[in-house]
Amino acid sequence: MQEPFDANANGGVHEPSTTTLQMDSRSSATTGSVEVSTHDISLHAVRKDSNRIGDGVSGVHNCRASFMDMFRATVQRLFRQTVRRKSEVVLEVVVPLLFMTVTVILWSIWGTNHIEESPRIDYGALPRTMNPTIYQHFTCSAKLGGVPGLRVCRNKKEVECIKDEITAPFRGVCVHKRVGATTLVAFFANGFVGRIAPIPPLDTLIMHQWLARHANTRVLIPRGLIPNNRLSAIQSSGLLYFVGNASVVRGIVQHLGRVSHYFTNVYGGTFETLPEAQEEVRRQTLNWGIVHVRCFEPGSLDVQIYLNGTALPTLRETVANAYPGGFQHNRAEMYALSGYLTLQKEISEHHMGLFNPGMGLNITPYMMPQGFVEFTETPLLQTARGILPVLFGLAFLFTVTSRVHVNVMEKESKIRETILIMGMRKSVLNVVWFLKPLLIDLVVCSLITVLLKLTYMPRSGSVSLFVVLFVFALTTIPLSGVISCFFSKTRLALLVSPIIYFLMTLPYAVERPTNGLLCMISALLSPTAFISIVHGALAMEVSGGFHLTQLRIGGDPVCAEMLLIMLVADLVLYTLLMLYLDTVLQNDWGTTKHPLFFITNPIRALFWERRKVGTSACPFTDGRADNGVFEDIGDTKEEATVVMAGLRKEYQRGGDTFVAVNNFCWSMGRGEISVLLGLNGAGKSTVINMITGMVKPDAGDCYVNGRSVRRELSAARQQMGFCPQHNILWPQLTCREHLEFFGKIKGLKGKALDLAVGHVLHETGLSEKSDDLAGHLSGGQKRMLSVGIAFVGGSPLVLLDEPTAGMDASSRRHAWGLLQRMAAHHTILLTTHFMDEADILGHRIAILNDGRLQCSGSSMFLKSKLGLGYSLTVVMRSKDNFCFVDDAVKKHVPGAELLSYCGCEVIYRLPLGGVAAFPSLIEKLEIASDVNLNSYSLAATTLEEVFLRVCGGQQCSAEKPRDCSSLWGRARRRAAGITQLKAIMLKRIFTALRDRRMHMLQVVCLTSVLLATVLIGSNPAQVGPLPLTFDLYDEKVIVDSANCGLFWGKSPGVPNVHISEISAKDTRELSIYGMKTWFAHEYPRYAAIFCGDRMLYNPKLRGMPVVMLYNSSALHQVAITMSMFYQLVLQRVSGVQANVSWSVGVLEDEATYVGALQLMLIGAIMMIPLTLISSNPLAWVVKERECGSLHMQRIAGLRFPIYWASNFLFDITMYFISVSAIVSVLMLFDQEDYVGSETIGAFITALMLYGLTSIVFAYLLSFLFREHSKAQLVVMGFNFVVGFLSVIVVYVFSLLEITRETSESLRWPFRLIPSFCVGEAIINISHFRFGKAVGNATSAFDMDVTGYPFIYLAVEFPIFSLLGFLFDHPRRRAWWNRRSYDRTKVFDEAHSGDSDVEEERCRVCLPMVDGPGYPPARVVNLSKKYPNGKEAVRDLFFLVSSGEIFALLGTNGAGKTTTMSILCQELMPTGGVVETCGCDIVKQGGKALRCIGYCPQFDTCISLLSVEEHIRLQAGLYGMVGEEVENVVTDLLYMCDLTKYRKSLAGELSGGNRRKLSLAVALVGGPGVIFLDEPTAGMDPIARRKIWSVIERAACQCAVVLTTHHLEEVEALAHRVAIMKDGTMRCVGRNAHLKDKYGAGYEMHICVAEGELPALVREFVDRQFAGATLRECKGRQLVYALPRSTSLADAFRTLESSKDLLGIVDYSVSQATIERVFLQITEQDEWVSKQTTEMDIV
């Protein structure tokens, strides 16, 4: 006798030593004694002391894990995932290092320079520039009447003359060609670089200004990273205006006219007020400056001189914070070349001469840098110090984006919320989430510190560098968390997060704040604070090194010390903000708190405590149906584990309020399985989500062991185990590691944990898979692991949302046994669409409909109240037999009622009064079974019948269905291209309109970045006139002087200045003294003066030489020294305390001047959103391929050129909108550098060409990816590095002569990347006006400006397009797939096995004649072997005839889905031949594809398209138009019962309705063969039956290949059945044939009442039914196999007469089912056999 399956057995083999255990009467176990092994007692018994429970599986475990336990478990899990998923971590480490490496490469190329000490003067080799009139030797006058001061040109052929009055006021100025204006100007300007030089006379200065404007040389362009230099100073010329008292100014003008021949040509006029002069400046084109004489009295002189912004060193610094030592360029010499010193000298001497006429001051001021000691300078830090900090900041952009991606993906996949439901502390998740990036940052910052110390920051402290880097890196962790709080979709987060981060760098990148308060405010943005600190650190490195003990940086509005404190404050602020936003912001999943929860929660807690004391329960509304039936269970508050009191949830849908759950009231008892049933969308999952806290109820509450879910969610969750509807597993972890993790967070440790994990692995049948990664498991195994996770911690309450969905029949039964064994020790809530599952497992059953509880109680109660008799189920061979069955039933039982008629299955309700006629009816059916029927069964009222009655299941009837002829009979012709183009474009338009946030942000983010950049860059902080006094230094300074007593006496006094008299015979000796005492002075020493150096006497200058030595670390010192000199002289002469004040300012029109650095940065910043936006088209096409939507469109005949063309049209249109926004913003703010009349054409062309090329380039890259989120992240990173970093590198290389050749060499390969081309073009356009100013460029389209990038982009567009077309061409793909294809693979005889399989093979191999009789689907020796060596399908043979429904069954992982995927060309075979509609899928793939319909296992619906639009899309791709489309849409919506969801979006549909939509899409176009891969998965019984009717109607027109785990579906629909296992076919044939061959005759199901002994029934059956075999014993359910000789009529009579005596509450007798055949075959599997042998019999 065969051993039966006992679901209540302990799961182990009996041992000799046994103990008796009395089970709870409410459990599924019997009330008698059950023998179990002593080993199992330790695992199964409920112990009074819950703290002693060690297994955590079947015993309730109430010991909550500590914080450290959870922390260690989570860290261990994270470590394992990280080790097995190295690529993401490697990228987080490599990308910042890559940025740093680029800066190191720049440093290595430029190197370092060691400068020897020098006194900076050699009397034996004085420069020729000592002669201020040397220019007269190389210039002449060709003007009639001559030019003052110039001789007449003798040979005009040898000279080049100024021919326009814009450059000079007269045309007669000429320069010898052999010298040229360029050389002459450069010679003059360079004469002030690091050497002694006299302050130039006014004529000398003005003449060189004119020549500079005429010069045509690249060196005169103020380009590069130093916008202001000596060449820009000499170019800043034009008219000079005066403001002040008219008589005073008149005297000054007359004096200047006397000392200069050319002054009258530059005099612009005198104005009473400064605004008047500034207004005149705005009107004129060329302006030199404004001289504002504020005070001109005998003892007082106050003058302000305003010059062009490019003529002076920056006024925002007084002492350079990056001073390496020695002489530094572009500082003091700019005061000489701009004319400031000349005007200062002449006006000061005029003032003293006017009020002291007898003085006779006759001096010649010289300027010269102080001597210096040896030093080392780093050109990189001095040339590129403005942009290096930006690179430091942007190095972490990818890091932040990657972390946002991980965080949002966890939210989107519900992993985070599920872990919280299982009892994880939120604080642990936050700490661990912080820990992993912290460790990565620790490594990154350490490596960067080492890199910097070994290269260009050797003088800075290692600890100092590391602290700054690490503190900033830490701020990026909560920063990414803050950003993540605002997103629930990964794709959107990936687009926006890098933009947000970049916006946070703009305050520094575009314009450094100069105001201390603004600097502090901007430091609230940690990237800006970090960049500012780096800027200061680089400056300190130049001047001695960056150290935490010396953080104050001279010239900065806020010291580095304060910025570092702000960084720490940012870390705290961002962390608090992240925690707060994560708590209050609404997400798709999870409950949130009130924004003022920190105030309201304490008040509510106090109120709640008082309420609990004063009242026993909260008031609520009971939403149970008025006409429902409900069993009074009589649970007390102590007995009920879960009490749901008026749970209510409403949603907004289409502007209307939709009640998902209507005041749901129910309770669940301890040690019971409660089952929640309902139609798709009835509210089952919403109820579970409210219990778990994933969804917050709008009203009502749920209590878990007295803990309120609304108020004590964390405590309630500690008692929960959860298996959601979808698998929440980490692909990188093994089964054992999953269970260990969840066991640990439930408080299990050590041996108890090992026992619990081992037991769960054994119970779930995953022992052999314990060390396999979850990503390698089959779908059924993943579900079983998810169920095991719910139980492993021993939670009192376990919630299982459709736990057996996707499992085959054998696995499902195994899961039933597991649940029954666990039920004694857990309260289990289960949802399912399998009614037999609910009947067998459920102690309490509730049925929801439209969100309301319709009925509840035990299965027996519901059947007794809602069942009206017996149920007769007949499965006919064809629908033609319906009349015969209907006549027979109604003839024998006149009161019979037709309940359902779907497919070939008919269900009747037989009244209780007709019991006497049942035997004769059964005999009638027995006689006809061989000819007309597949099977039949008679049972008392089933739970499925109750469900159909409650939920309105009589919709499937025998009425004539609607005529849907529009679906069939249509010739499959090739669709017109315009029709397909229209369909695809409408798809993109509809999705875009509904994904407004994505596409709006594409425009808004780009515009925001640009707008912020322009606003900051166009409105720099205004710097007022700078007083040139020693008060600028905020400390006392030393000025060395020698031989100056003649001018200011013995004790000169100047505030904050100590004048030290030095004994020196000449300037050189004074300079050497400064060198010797370089490190010996108490106060800073910025200047020295030597008066009367006879070695410098020049008869042409006619004055006593006064040499002003300056320290070039003080940017304005030479002007300050001259002011002090004249003040002391005036003080000596006048005899009173003189007040001389000189100030310098910037002309108002130049205050808003954007320098070359800012222009370059604006262009670079503009590149970043452009490069990021190009990843959006990529994400869309990868997502369509990932979800299978693209394959469904190809099945409909979509031609690949049309697909790409339509996507391109849409994407380029969206891009054009973005470009329009860019141009509009730039025009709005009058950015002439980009949208001026000369540049707008090139700028728009650059954007357009980039748009065209970048989109097709993104399409080309899309073939490298399978996941759209990963594709978007990687391509964004690639574009960012190439489109930004490489452009910056090439640009910086072009600044120095030694790297210019390298720069040019790098441009050519980099231009192959579109993002580099557009970056190069934009930066070159930003510098165009400088180039044109000196004739280097005539047009923005010149080759060196935008020509080469445009050529590259124009050529790349067609090349990338062709490459993309080639890669996606069907013939190319077919060729690639054929590489591993062996059409002539030899059949392996070892796989023949069953005789029916062999017969099918011979049938398939018979010669076939083309024509109407050719089978729509033919599979010959099909094999599929994956690259990892796994052979999924082996030697498969079958064919499907037209009008036939062929069911392909098998266990999980048997190869069904692989076979279906091959038939539908999602996969290609590695051997054999597959034909659909007579076309070989390998040779004629396109033609074969167009004749099929396909409903894949996983939905391919596009969430943002409505149900109707899906069908229209597919119809349009088939070439349908007009009325034909309307008819198809209407008919399919009716057939698939989707009419009321016509306008609903696919993403809003329930799982069952999405399956209906997938089926509807598969039926579009009237296919010749339809492949349905589990089409009814996740559907409720009513929906399932409706789909059966659809499938049966479709089968009348075509062939159907069906896979399913609902085996009653096979009974009702399939004409032939094949069962697969391990990739091979084990049996094939018609239903009846398989039943006869593998079935044991008949089956009898008996269910006894609670408290009855199954042993009495077993004794009765053994006595009454000779040869009966007990197959299964599941709780109160017994399944017997009856011999074929048994009469079902006699069996019915026997059971009916004895049911009251035996306590039988339910029974059925039926023929053997396909399910029994399936189990018979699959149980030959070693795993199932092992489990079967371990099952015990009651």
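Using N, Cα and C of the backbone, Cβ positions are placed for all residues, glycine too.
Annotation comment: TrEMBL describes 1-34 as region 'Disordered'. Annotation source TrEMBL lists compositional bias 'Polar residues' at 16-34. As annotated by TrEMBL, transmembrane segment applies to 89-110, 386-406, 427-452, 464-487, 492-509, 515-538, 558-581, 1159-1182, 1202-1228, 1240-1261, 1273-1296, 1350-1369. The domain 'ABC transporter' annotation in TrEMBL covers 642-875, 1417-1647.
Only residues 6 or more beyond the boundaries of the transmembrane segment (1240-1261), in the same chain, are considered here, and those with a CB under 8 A from a CB of the stretch are 1170-1171, 1174-1175, 1177-1178, 1181, 1204, 1207-1208, 1211-1212, 1215-1216, 1219, 1222-1223, 1226, 1234, 1271, 1275, 1313-1315, 1317-1318, 1321-1322, 1325, 1328, 1340-1341, 1345-1346, 1349-1350, 1353-1354, 1356-1357, 1360-1361, 1363-1364, 1367.
Sequence-distant contacts of the transmembrane segment (515-538), counting only residues of its own chain at least 6 positions beyond either end whose CB sits under 8 Å from a CB of the stretch, comprise 321-322, 381, 385-386, 388-390, 392-393, 396, 457, 460, 464-465, 468, 472, 475-476, 479, 501, 504-509, 546, 553, 556-560, 562-564, 566-567, 569-571, 573-574, 1021.
Long-range contacts of the transmembrane segment (492-509) within the same chain, counting only residues at least 6 positions beyond its ends with a Cβ under 8 Å from a Cβ of the stretch, are 389-390, 393-394, 396-398, 400-401, 404-405, 408, 479-480, 483-484, 522, 525-528, 531-532, 535, 997-998, 1001-1002, 1005-1006, 1008-1009, 1012-1013, 1016, 1161, 1165, 1168-1169, 1172-1173, 1175-1176, 1179, 1269, 1272-1273, 1276, 1280.
Averaged across the domain 'ABC transporter' (1417-1647), pLDDT in this predicted model comes to 87. With a cut-off of 8 Å on Cβ pairs spaced 6 or more residues apart, the transmembrane segment (427-452) and the transmembrane segment (1350-1369) reach fewer than 3 such pairs and are scored as not touching. Cβ atoms under 8 Å from those of the transmembrane segment (89-110) belong to residues 82, 378-380, 383-384, 388, 391-392, 394-396, 398-399, 402, 437, 440, 443-444, 447-448, 451-452, 455-456, 1277, 1281, 1285, 1289, 1292-1293, 1296, 1298-1299, 1302 of the same chain, restricted to positions at least 6 beyond its ends. Most Cβ pairs under 8 Å with the transmembrane segment (386-406) belong to 1273-1296, among the candidate stretches 558-581, 1273-1296, 1350-1369. Only residues 6 or more beyond the boundaries of the transmembrane segment (1350-1369), in the same chain, are considered here, and those with a CB under 8 A from a CB of the stretch are 1200-1201, 1204, 1245-1246, 1249-1250, 1252-1253, 1256-1257, 1259-1260, 1263, 1311-1312, 1314, 1317-1318, 1321, 1341.
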